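Data block below; observations after.
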Amino acid sequence: MIASDLNNVNKKYKNVPPDGGWGYMIAVAVIILSSTSTAFVSSYNMLFKEFLRDIGRSSTDVSLIPSVGVTCIALAGFLTNPLLSLMSHRMLTLVAVLIFNTGVVCILFVKSVFTFHVCYGILQGLGMGFMYNLSCSILNDYFVKRPLMIISLIQSVVAIASIMAPLLVKWSLDRYGFRDTMILLSGLTLHNFIAVTLMHPAKWHMKKVEIDCSNEKFLPEKQQSEDLNAIPIIKLTNADGNILNANDKLYLAENDDTGINFRKILNLLIDKSLYEGFLLSCVCAGPALALFADTTYSSIISQALHTAGWVKKENVALANTLYNIGDLVMRLLFLLLSNWFHKLGSQELYVLGVTLGLVSRLGMLWSKSFIAIMIFISLVGVSHCAVTILVPLVVGDAVPAKKFTSALGMLMMLTGIVNLVLGPAIGAVRDLSESHGPVFYLIASCFAIIENVALANTLYNIGDLVMRLLFLLLSNWFHKLGSQELYVLGVTLGLVSRLGMLWSKSFIAIMIFISLVGVSHCAVTILVPLVVGDAVPAKKFTSALGMLMMLTGIVNLVLGPAIGAVRDLSESHGPVFYLIASCFAIIVLFWSIEMCYKKNKHKRLQRREYLRQKKLNK
């Protein structure tokens, strides 16, 4: 009994996300929030067409209404993380629901276009942005092992609700009219308060999992002391000279400013740790551009089909139905095959979805057959599913869990900026060309940009991998060449491939040179231990490699800021690429001279020794 008690005492546990349990109630809450906020978006034209005409909308208002909504959604998503430092997750969700429901209810009393902008664009947009970010954040807290499965389940239910929503709106408009229909929708949105009550913090439902003490080392006292040391503490003494109690501690802030500190506000709004690693990466810019292209395409597809000569309403309705079916089928596939898709990786899945979006949209433009166009429209729906529902997974895999809300907010803000910048440009192209064809090509180019960047990264990695396999398969032959000779060849290839990228105009040639850069990367990185091992005795290897690593760090500290300064001053990456290429050129030049000198020196020593022996023999 004593031994068992000691074992129980020595056991250590950690809290892990439930990946189920109350998490399924969270899924129900997210379904409610998503259905009430997004399911009726597709019924916008049906619901407000007559109403907007009665209050005197203009052609400018038609394009301004969605722009205001998208901007407010982006702003709310960006502000979610700073507001979470002021209030709890549930409280902010309640505020978001109040804002959204206020926007829905107040449409009943709208008498002008301006008040419609306020209710539909601003209030509903802000509420929707907050609810989306908060929903994704709480799902990320509850589900770690099966995020794709639960997101697919939620989105499948939301897709079914989106299919049923237009039928409900049409039935209600025909039977009760606009005002009564808005009362019905207001009643449905009141279910959002039920969702708020279900959204318990993840820490309430964490599972305790036993930890193997042989593998995990815990130093709670050390961690606690480090946490305390992170905050400056000054111990005060009484008038008697006695030190105050341990509980009587004075915590001093770094800056004791009573006024407005704009730097603190900026740091609260923008997480600097995500600036370079996330905001300036394809993980953030790619989905932002893809979401803009997909949303714009979905909003004009019906009008474009009418313009293209699809006079029959049945054909346009069939196209919209196939689009929704493709979307729904892909959501169900994500749900049923979530384990298999999870192994592929979220970014890889997203790139595949973007690729399918590019191919299907170009296929629609180039096809003349009615059946082929219908097939491509279905594939556009499949691409729409991948581009939209995989965003939280892509962000979740790219940043730590604690940074998820902030990162998703940055992505939403960037998406809003892209919409504000490119949206009017798309509209101007459509008006100037008086055709939807150039618009479709512009939208397809957005997918192509993302695809080309992903293709370049893929070719780079393929070149690296192929060279590693060649080193493995032909190791005996490469060993005969010598490690230094191989390294110089790798550096030479790096120089040639980088200059080739700068000087080439052909897309195919640039892709080939990118692959060769990957090959060079392999040689430059994995041959370092061999080069050091051949240059020094075995006993000196560790010391020599340490010196090399230290010198590498010093070079990075010295040249890294210089490279950044050149990029900032020139406002271009071209000079930076030439500087990097010059580094390779210097290495090739001096190392080649050194190797030639050593080989000739060895031959000269042999010649001298031969002549000396010859003289002695005489």
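From the backbone N, Cα and C atoms, a Cβ is placed for every residue, glycine too.
For 23-463, the entry in TrEMBL reads domain 'Major facilitator superfamily (MFS) profile'.
Taken from TrEMBL, the feature transmembrane segment covers 21-44 (among others). The list of residues near the transmembrane segment (21-44) in space but at least 6 beyond its ends in sequence, with Cβ under 8 angstroms from a Cβ of it, reads 97, 100, 124, 127-128, 131-132, 135, 138-139, 142-143, 150, 153-155, 157-158, 161-162, 164-166, 169, 185, 188-189, 191-192, 194-196, 198-200, 204-205, 207.
Residues 92, 96, 116-117, 120-122, 124-130, 132-134, 137, 268-269, 271, 295, 299, 405-406, 408-417, 419-420, 423 of the same chain lie 6+ residues outside the transmembrane segment (64-84) yet bring a C-beta within less than 8 angstroms of a C-beta in it. Marked as transmembrane segment by TrEMBL: 64-84 (among others).
Taken from TrEMBL, the feature transmembrane segment applies to 91-110 (among others). Long-range contacts of the transmembrane segment (91-110) within its own chain (CB-CB distance under 8 A, at least 6 residues past either end) are made by residues 33, 37, 55, 76, 80, 83-84, 116, 118-120, 122-124, 126-128, 130-131, 134, 179, 182-183, 185-186, 189-190, 192-193, 195-196, 199.
Feature annotation from TrEMBL assigns transmembrane segment to 122-143 (among others).
Residues or ranges marked as transmembrane segment by TrEMBL: 150-169 (among others).
Residues or ranges marked as transmembrane segment by TrEMBL: 181-199 (among others).
With a threshold of 8 Å between CB atoms, the same-chain residues lying at least 6 positions outside the transmembrane segment (372-395) that come near it are 136, 139-140, 147-148, 151-152, 155, 283, 287, 290-291, 294, 297-298, 301, 318-319, 322-331, 334, 346-347, 349-350, 352-354, 356-357, 359-361, 363-364, 404, 407-408, 411. Feature annotation from TrEMBL assigns transmembrane segment to 372-395 (among others).
The feature transmembrane segment is assigned by TrEMBL to 407-427 (among others).
Sequence annotations record features per position, and here TrEMBL assigns transmembrane segment to 439-460 (among others).
What TrEMBL records for 507-532 (among others) is transmembrane segment. Only residues 6 or more beyond the boundaries of the transmembrane segment (507-532), in the same chain, are considered here, and those with a CB under 8 A from a CB of the stretch are 452, 455-456, 459-468, 471, 483-484, 486-487, 489-491, 493-494, 496-498, 500-501, 541, 544-545, 548.
The transmembrane segment feature in TrEMBL is assigned to 544-564 (among others).
Annotated transmembrane segment per TrEMBL: 576-597 (among others), in sequence order.
The average pLDDT the prediction assigns to the domain 'Major facilitator superfamily (MFS) profile' (23-463) is 74. Listed by sequence, the residues of this chain that lie at least six past the ends of the transmembrane segment (181-199) yet keep a Cβ under 8 A from its Cβ atoms are 25-26, 28-30, 32-33, 36, 40, 47, 89-90, 93-94, 97, 100-101, 104-105, 107-108, 131, 134, 138, 169, 172-173. Tertiary neighbourhood of the transmembrane segment (150-169): same-chain residues 23, 27, 30-31, 34-35, 38-43, 46-47, 139, 143, 181, 324, 327-328, 331-332, 334-335, 338, 385, 388-389, 392-393, selected by CB-CB distance under 8 Å and a gap of 6+ residues from either end.
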